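If you look up TrEMBL, you'll see 83-128 marked as domain 'CWF21'. If you look up TrEMBL, you'll see 213-311 marked as region 'Disordered'. Feature annotation from TrEMBL assigns compositional bias 'Low complexity' to 234-264. Look at TrEMBL and you will find 266-280, 289-301 tagged as compositional bias 'Basic and acidic residues'.
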């Protein structure tokens, strides 16, 4: 207490007891420190340089408009009236310098005015005739003077390369575009032809495969039919033997019935007996032949060596 009394006097208030003075503090995103006490900083908040700052509204780029703007800026023509004013200003500066020079040498005012007017007329005539080159003295900080210099450079290059003034910039690339478009069309046509050929080849291959499959199916069907025929022929041979026995029994029954019914007519009986006897003889012969053929098929074929050994 004694220390601050010496410094501030009896009526003053120590700084700790004084009311807090709210000073303007730089803040970032409404975040800041009113005082630096206890923060370990100097209460200065710097911009967050690591923030990328994405924009929700996407920028819409239009290449054609941007190119047109850039070309307009490059090919911007200078304002002739402003350039004329600049040339006149440079001539007047030279006249003023000449006037100062004559005044320094001690010429009278009448002589100075007459000489300066003559010098001004001479400069204008030389400038109009093209003898006086004022472009080198133009201030390149002016946009029109820069455009004038750029235009002169373009004209020099045009004359050196033999390009007409009526030539439109970018028209030389149209031929290349047409050539590239024609090449693309040719490539498309070639691709179409190649695709058509490949499609035809694939269709032909599919057709050949179908034909081969149909042929194989036909061969399999023929084999199945042959096997079925062989099985049916073997079954028919067995059935014929059984049918012969049944037919003989049926014929005997018929003969007995005919004998019982032939009491009325003896001639009819004799005729029927003859026919039945002939049929029986034929059937017996056919049955004998079939039985002999089946026996021959079933018996194994012996080699002559086996026969000799048996003998």
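Placed from the backbone N, Cα and C atoms, the Cβ positions cover glycine too.
TrEMBL: automatically predicted annotations, no manual curation.
Each residue of the domain 'CWF21' (83-128) gets a DSSP state, and the totals for helix, strand and coil are 43 helix, 0 strand, 3 coil.
Looking just at the domain 'CWF21' (83-128), the mean pLDDT is 88.
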